[in-house]
Amino acid sequence: WGIWSQMLLPVEKQIFYAVLGFSWTVYLWEAYLSYRQRRIYRSTTHVPQELGKIMDSETFEKSRLYQLDKSNFSFWSGLYSETEGTLILLLGGIPFLWAIAGTLTARFGFSSEYEITQSLVFLTLATLFSALTGLPWSLYNTFVIEEKHGFNQQVLVTIYADYIAPLFDKFTPLPDGELKTDIEAMAKSISFPLTKVYVVEGSKRSSHSNAYFYGFFKNKRIVLFDTLLEDYSPLNKTGEPQPEQPESDETPIESKAKPKKQGCNNPEILAVLGHELGHWKLGHTVKNIVISQMNSFLCFSLFAVLIGRKELFVAFGFNDSQPTLIGLMIIFQFIFSPYNELLSFCLTVLSRRFEFQADAFARSMGKASELYSALIKLNKDNLGFPVADWLFSMWHYSHPPLLERLRALGNIKQD
């Protein structure tokens, strides 16, 4: 036993290499799943028989190429991210950055006792580093991949549109009319406390479609992206009038199809909202909040137990100090990573279950046919690929693949 105990690594080294090993195990698992899905993108070159009459070959091919480009990009960006993280751990990047933060705060007269100040400087430096190393990938994704496939509507200043641009979005009340009246009537029929319906100009940033509701208690509001509404989408506007064509005795060429429209018609919009309201009516939002709160309570309880363990800090290069911020990072990002992966998978499974239930709720409102066609249109508009590897979708998709949702709706779909 004495010989074996000498051969074993110190506990802090065991912790370090266990964290590193698990990180690469997760990365290789994710890479394998992505490889399986890329095979689907490469091999599925024809529209599935179930979609043959409702999805044209051109849209299917655009979707296939878009998802293939995204998957290839994800592989290289993921490999870079994992390699960068490994080097930071092996080379002691975290304690090095903490030391720099301490040096900077000391120059302004703050000693090491001012841990909060040093923590704020550390966070600032870490954020700047992350932004700088991630910028080339973000630029390539937005201005090469998204631009290539017609989704990018940005200029350079809004490169982080997912975080900044929503602050500048223009929310316009949905004008009085049939659609607004029908939305209010549907909300009233299920006792949804609707107070406002807005249209947001999401098309300024992206041509992806979306709809959501927000608000507390008796003050709920529905937001519709202009790209979701067939009558509002800028991509459907004809722009300048076309010159009149000279009369001709020749028969019009049938192959000149009408331009494809983006978004959904009014009945389909109501079906989409029926799905979203189903999440509210079935308590999905409340259930997610409860799960989140329970998870937070569990994690912080475990954090309180582990924060005093010196070996956790020593494992990541902090031999002489145990900063609270570093403890948060080590425990939540590294020590909890197996638990986080398991929880993420369970929440993905639960989310797919909620999506099927919300679809069924819309169907119970008599909107199966409209939701059926709306899902297909939204899939086309967002260039979603309707075919997925079962293992990839099981692990990653918080929403069921299109074909699975259509099959569920189609079982008792109204004609």
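Each residue, glycine too, has its Cβ placed from N, Cα and C.
Per TrEMBL, active site is recorded for Glu276.
The active site, proton donor annotation in TrEMBL covers Asp359. Its own atom aside, the Cβ of Asp359 (active site, proton donor) has 24 Cβ atoms within 10 angstroms in the protein chains shown.
What TrEMBL lists as Zn(2+) binding site is His275, His279, Glu355.
Taken from TrEMBL, the feature domain 'CAAX prenyl protease 1 N-terminal' applies to 37-163.
Per TrEMBL, domain 'Peptidase M48' is recorded for 174-411.
The region 'Disordered' annotation in TrEMBL covers 235-262.
The transmembrane segment feature in TrEMBL is assigned to 15-33 (among others).
According to TrEMBL, the feature transmembrane segment maps to 87-108 (among others).
The transmembrane segment annotation in TrEMBL covers 120-140 (among others). Tertiary neighbourhood of the transmembrane segment (120-140): same-chain residues 73, 77, 80, 84, 97-98, 100-101, 104-105, 159-160, 325, selected by CB-CB distance under 8 Å and a gap of 6+ residues from either end.
Per TrEMBL, transmembrane segment is recorded for 297-318 (among others). Residues 11-13, 15-16, 19, 89, 92, 94-95, 98, 324, 326-328, 330-332, 334-336 of the same chain sit 6 or more residues outside the transmembrane segment (297-318) yet have a Cβ under 8 Å from a Cβ within it.
The annotation transmembrane segment is assigned in TrEMBL to 324-350 (among others). Away from its own ends, the transmembrane segment (324-350) comes close to residues 15, 19, 22-23, 26, 94, 98, 115, 119, 122-123, 291, 295, 299, 302-303, 306-307, 312-313, 315-316, 318, 394-398 of its chain (Cβ-Cβ under 8 Å, at least six residues beyond either end).
Considering only the recorded positions His275, Glu276, His279, the residue whose Cα is spatially closest to the Cα of Asp359 (active site, proton donor) is His275. Between the recorded positions Glu276, Glu355, the minimum number of other C-beta atoms within 10 Å of a residue's C-beta occurs at Glu276. Non-local neighbours of the transmembrane segment (15-33) in the same chain are 9, 75, 78-79, 82, 85-86, 89-90, 311-312, 315-316, 334-335, 337-338, 341, 389, 391-392, 395-396; each lies 6+ residues outside the stretch with a CB under 8 Å from one of its CB atoms.
Of the listed binding-site residues, namely His275, His279, the sparsest Cβ surroundings within 10 Å are found at His279.
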